[in-house]
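Trainee: According to Swiss-Prot, the record shows the following:
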| type | residues | note |
| --- | --- | --- |
| REPEAT | 63-93 | repeat 'WD 1' |
| REPEAT | 105-135 | repeat 'WD 2' |
| REPEAT | 154-185 | repeat 'WD 3' |
| REPEAT | 202-233 | repeat 'WD 4' |
| REPEAT | 246-276 | repeat 'WD 5' |
| REPEAT | 293-323 | repeat 'WD 6' |
| REPEAT | 339-369 | repeat 'WD 7' |
Amino acid sequence: MSVTELKERHMAATQTVSDLREKLKQKRLQLLDTDVSGYARSQGKTPVTFGPTDLVCCRILQGHTGKVYSLDWTPEKNRIVSASQDGRLIVWNALTSQKTHAIKLPCAWVMTCAFSPSGQSVACGGLDSVCSIYNLNSPIDKDGNHPVSRMLSGHKGYVSSCQYVPDEDTHLITSSGDQTCVLWDITTGLRTSVFGGEFQSGHTADVQSVSISSSNPRLFVSGSCDTTARLWDNRVASRAQRTFYGHEGDVNTVKFFPDGNRFGTGSEDGTCRLFDIRTGHQLQVYYQPHGDGDIPHVTSMAFSISGRLLFVGYSNGDCYVWDTLLAKVVLNLGGVQNSHEGRISCLGLSADGSALCTGSWDTNLKIWAFGGTEV
């Protein structure tokens, strides 16, 4: 068979796949006679309401000299780790705004960070394609820096996201620009499983984000520049359990819903979407029209403890609080006093749900508390 014939067969197969996907999309739309907000309205549900003092900025964490790219809370709610383009990880006391650790990184181009479940270690990764682990209790070296306690090497592209397996300091999942996700054994520094890559059901572009289910830690979801999200079982690396379609741009962020049966996605197309992992169906789209201007990209997201609220960061500095049930914006933190002056790059909710932390390219982190005292 000639090269020309192979190319023709490949093009025909690609077109067939595209046609089948479109037919599947149309069939799903026929079966979905309503969405979450439509059903909620039919049941007489009313939107969540916010007063001017219900969610206020009570702390401003200043110390980074470069864009803040990532943050994470400890399970005990009073500490935050942040990663910045200044090449440092900073661990903050969220109650006092004091820095407890400042770790200078070998590679300044850090993109992600995470606290271990015990709060004793932090992980980070970036353009060096390595996920580095730092033990916060280890003695500092003669230059005043914390030494790396473990380097997880194996990715062939940048490390875009990392998350510890819930209740385990010994296992962690990373996503990468090499189109794969990896489950690591931190004790040995070895890869336990690789998800994607040479496998047909893997992503076909950079993987940007991962989220592990807290109710079933064997399951995690990944979001990619191929516009899809995929559900994985960490015991079955050879294939994704489901692939979720709907976005028209890179999927920048994914986050499990508190009950573990659904998850949210945020994309370059300016929308967030809610999917059900049991049916594979899209339940809701969260989108706020912005006129004829450029559509701001979704950069980060987090659900409230109950799941009724969805906090979403955008590239234009907005931070919307969505009512997930009625798909309504109930508050925009980008339009209140003490809002950020740049892109919202990351955000996260404390373990008890009492506070939200946002990080921005303006180099600051801000803690927003429900019913707190404004700074």
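Backbone N, Cα and C atoms are what each Cβ position is placed from, and that goes for glycine too.
Help me see these features in their spatial surroundings.
Mentor: Note on the repeat 'WD 1' (63-93): mean pLDDT across this stretch is 96.
When the repeat 'WD 3' (154-185) is classified with DSSP, helix, strand and coil residues number 0 helix, 18 strand, 14 coil.
Same-chain neighbours of the repeat 'WD 4' (202-233): 157, 160-163, 165-168, 173-181, 195-196, 240-245, 247-256, 258-260, 263, 265-267, 275, 277, counting only residues six or more beyond its ends whose CB sits under 8 Å from a CB of the stretch.
A Cβ distance under 8 Å defines the sequence-distant neighbours of the repeat 'WD 5' (246-276), meaning residues of its chain 6+ beyond its ends; these are 36, 205-206, 208-216, 219, 221-225, 227-229, 282-287, 290, 295-307, 310, 312, 314, 322, 324.
Listed as Cβ neighbours of the repeat 'WD 6' (293-323) (distance under 8 Å, sequence separation of 6 or more from its ends, same chain) are residues 47-48, 50, 55, 249, 252-253, 255-259, 264, 266-272, 286, 329-335, 339-349, 352-353, 356, 358, 360.
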Trainee: So what's near the repeat 'WD 7' (339-369) in sequence-distant terms, Cβ-Cβ under 8 Å and 6+ beyond its ends?
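Mentor: Sequence-remote neighbours of the repeat 'WD 7' (339-369) are 55-62, 64-77, 80, 82, 84, 86, 92, 94, 299-306, 311, 313-319, 333.
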Trainee: What are the DSSP helix/strand/coil residue counts across the repeat 'WD 1' (63-93)?
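Mentor: Once the DSSP states are binned, the repeat 'WD 1' (63-93) shows 0 helix, 18 strand, 13 coil.
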